[in-house]
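Here TrEMBL flags GLN17, PRO18, THR19, GLY26, ASN27, GLY155, GLU156, ASP157, ILE194, LYS203, MET204, SER205, LYS206, SER207 as ATP binding site. Positions annotated as L-tryptophan binding site by TrEMBL: ASP143. Under the heading motif ''KMSKS' region', TrEMBL lists 203-207.
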Amino acid sequence: MHSMSSSSRPRSLSGIQPTAESFHLGNYFGAIRQWVRLQDDHDAFYFIADLHALTVQPEPATLRTRIHRSAAQLLAAGVDPERSALFCQSHVPEHTQLAWVFNCLTGFGEAGRMTQFKDKSAKAGADKASVGLFTYPILQAADILLYDPHHVPVGEDQRQHLELSRNLAQRFNHHYGETFRQPEAYILEGTAKIVDLQEPTAKMSKSASAPNGIVDLLDDPKRAAKKIRSAVTDSGDEIRYDPETKPGISGLLSLYATIEQTSVDAVVAQFEGQQYGHLKVALADLVADLVGSFGERTRSYLDDPAELDRILARGAARAREVAGPVVADVYDKVGLVRGA
Ligand code: ATP
Ligand code: MG
């Protein structure tokens, strides 16, 4: 929609928070694998959501380390800095500049209906949850709309936030004239919610999962395999896909299908007549291979932090070429006057 689009390829945009030492299987299969694929035929903008991570008040030294680890993991996963702008959110001040405008267009009640805020603030305790955590989806709307993306590859848990972004785009356009595209969530069935291994009705989460509920991409392969083998399963012993009555075994079946890039039906057929243990051992092997090679690739990127910084700087420069004119246009449209 913005006339400054320099390429005819559609755009893809997404972000991930540096809220842990490692990303997990849910982040990879729910989001990052799609980021990598979309690079082939999209102009891609991918960022480390360091400002979002501040909403939960990390220790400064911890946050710094996690930002570098995030960059290394995204590269290890296949984000290609030659084809995608890979950057830190905080290096592109336009994100917070646009967020303020959207803060002023969002209703208090509307923001209060975000289920992720309700969950996370309930966990933190009402007095401890920050205002930043409350307004996070509004900053996220700015993150997205700045780049005029066609597709936003995310997990199912982000669907409501995406809807807010779409509403804000529409509201802004209505008040100030056609400016923003309403982006489509790009959520793949089957990988949209990778479940917690110990609590298979909840999603795997960096900040909420217990250590045994989550397989980190940087886990030691043996430890990762053990977590899979000790995943909670359901009563009975028949291997059958039924998320309602058999959430544990269904989660494992769907993870197996995801890794093997096949259908759940094919996996069920493969294990027909076998016991839970057989599926677990086979899946544990697949996961151990995956994290083993992922860890090696990540460590090689972490060996050269100066190169990581150079990649992030180049990505930020590319992002600012797009984001700068958008903020100028928006500030103009809402009636701010240009400074000297
Ligand atoms: P946090 O607990 O700090 O919010 P997170 O694990 O939810 O961390 P985010 O950085 O918030 O990870 O999200 C990054 C991306 O990963 C988003 O697109 C999100 O939808 C996706 N994602 C997160 N968890 C899962 C999951 N269990 N299954 C599928 N996708 C997921
Ligand atoms: Mg999250």
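Glycine residues also receive a Cβ, built from the backbone N, Cα and C atoms like all the rest.
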Contacting binding-site residues, sequence order - GLN17, THR19, ASP143, ILE194, LYS206 vs ligand 1, Cβ under 6 Å: GLN17, THR19, ILE194, LYS206
Integer Å distance between the CA atoms belonging to GLN17 (ATP binding site) and ASP143 (L-tryptophan binding site): 13
Largest CA-to-CA spread of ATP binders GLN17, PRO18, THR19, GLY26, ASN27, GLY155, GLU156, ASP157, ILE194, LYS203, MET204, SER205, LYS206, SER207, angstrom: 19
Count of other CB atoms lying within 10 Å of the CB belonging to GLN17 (ATP binding site): 22
Reduced DSSP assignment, ASN27 (ATP binding site): helix
Around the Cβ of THR19 (ATP binding site), the count of other Cβ atoms that are within 10 Å: 20
Cβ neighbours of GLU156 (ATP binding site) where a neighbour is any other Cβ within 10 Å: 17
